[in-house]
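Shown next, in structure tokens, is the structure this report addresses.
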Amino acid sequence: MQFVDEATIDVHAGKGGDGCLSFRREKYVEFGGPDGGDGGAGGHVFVQADTNINTLVDYRYDRIFKARNGEPGKGRQMTGKSAEDIILYVPVGTTVVDLDTDEVLADLTDTDKPVMVAQAGRGGLGNIHFKSSVNQAPRKTTKGKPGESRRLRLELKVLADVGLLGMPNAGKSTLIRAISAAKPKVADYPFTTLIPNLGVVKADRYRSFVVADIPGLIEGAAEGAGLGIRFLKHLARTRLLLHVVDLAPMDGSSPANHIDAIADELDRFSPALAEQERWLVFNKIDLLADDEAQAQVDAIVDELGWQGPVFKVSAAAGVGCEDLVYALMNAIEDRRLLEREDPAYAAAQQDLRARLEEEARERVQELKAEARQARQNDDDDDHDVEVVYEP
């Protein structure tokens with residue numbers, strides 16, 4: 001199934017039914033008085049998360065969703081039938097944004113209850129409501145109210161505890177295969193990973209966490225180069241980042257330069273993302289002798305002045321992966337406990353995630369606008385004809 005993490009849809013709630021103009025008619029009752037009922041309410045539009053859905057692909061093809069209108073009122077004080085609500089099911093982790101106002105209407109991180117995104121119109125009043133001492137036969141009714149209409153952007157961000165990032169071919173997909181049951185495609189060429197992959201990592205029988213692998217980043221990603229920029233937003237909800245580094249690049253390039261380049265791209269894409277805790281994982285140590293690998297890691301750490309955690313692994317051979325998994329599990333459990341017991345820490349983390357998501361949303365929209373402008377400029381240039389007159 002195609003992975004789609006963004007879609008734009010139009011939703012229209014139903015209109016309320018009109019109130020009824022009616023008078024009671026019975027044998028031997030000449031002036032029965034008004035008995036027009038109210039109109040029924042229109043249908044609301046809701047959005048609800050569903051764990052059985054993992055892509056927004058359906059909303060690429062069906063973009064307009066209309067709830068039914070309420071039925072008009074009837075005589076004998078009968079209220080018109082209200083329309084049924086419609087519920088749009090989306091993956092867990094979907095954010096719903098009003099395109100006209102940029103208001104975030106819902107952030108669906110669980111499946112507890114649906115969220116209303118378009119409110120239906122109320123039914124109109126029948127003429128029975130307008131009877132008075134001076135007007136025993138009112139002919140006045142009211143129309144049903146129109147329902148809300150909105151243009152919405154659905155944005156899917158995967159929910160994971162740990163996010164993997166790094167240059168193409170650093171071994172991220174191999175690592176996620178080594179530590180989880182996920183089976184992403186692995187090959188000896190860049191950009192093998194084209195979409196985010198999720199894997200559940202089990203440290204023990206009852207201890208587990210989720211890791212997300214996104215396409216590799218390259219220099220200039222924050223300006224739209226490569227594939228990874230589109231998927232950086234999926235790291236917004238992770239608790240920490242694993243920066244996977246190829247310790248023995250085939251092109252002889254410097255791993256330290258790769259680390260700096262990725263850090264720069266993170267900061268340019270979202271300063272809040274650059275603030276996320278990040279661990280260095282040096283991969284492919286099996287391609288070097290033990291003492292050579294350790295010496296190279298020490299030299300890189302010294303050159304960068306790195307103060308965070310450092311791990312050495314060979315994802316292909318499974319070396320060092322178990323130690324990494326237990327270290328990650330312990331760190332995640334510590335953070336979960338802190339969020340439950342320390343309100344200040346929980347508030348700070350929530351603020352960081354909110355800033356990260358806002359910055360990521362703004363940056364992605366900027367890049368899309370730039371891409372549209374570039375395409376428009378190319379189209380304009382295609383029709384330019386230069387005429388040169390020569391003697």
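Each position is counted from 1, following the chain as shown.
Glycine residues also receive a Cβ, built from the backbone N, Cα and C atoms like all the rest.
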Out of 17-41, 67-91, 117-141, 367-391, let me know the one Swiss-Prot marks region 'Disordered'. 367-391
Between the Cα atoms of SER173 (Mg(2+) binding site) and LYS284 (GTP binding site), what distance do you get, rounded to the nearest Å? 13
The most crowded of the binding-site residues LYS172, LYS284, judged by neighbouring Cβ atoms within 10 Å of its own Cβ, is LYS172
Under a three-state reduction of DSSP output, how is SER314 (GTP binding site) classified: helix, strand, or coil? strand
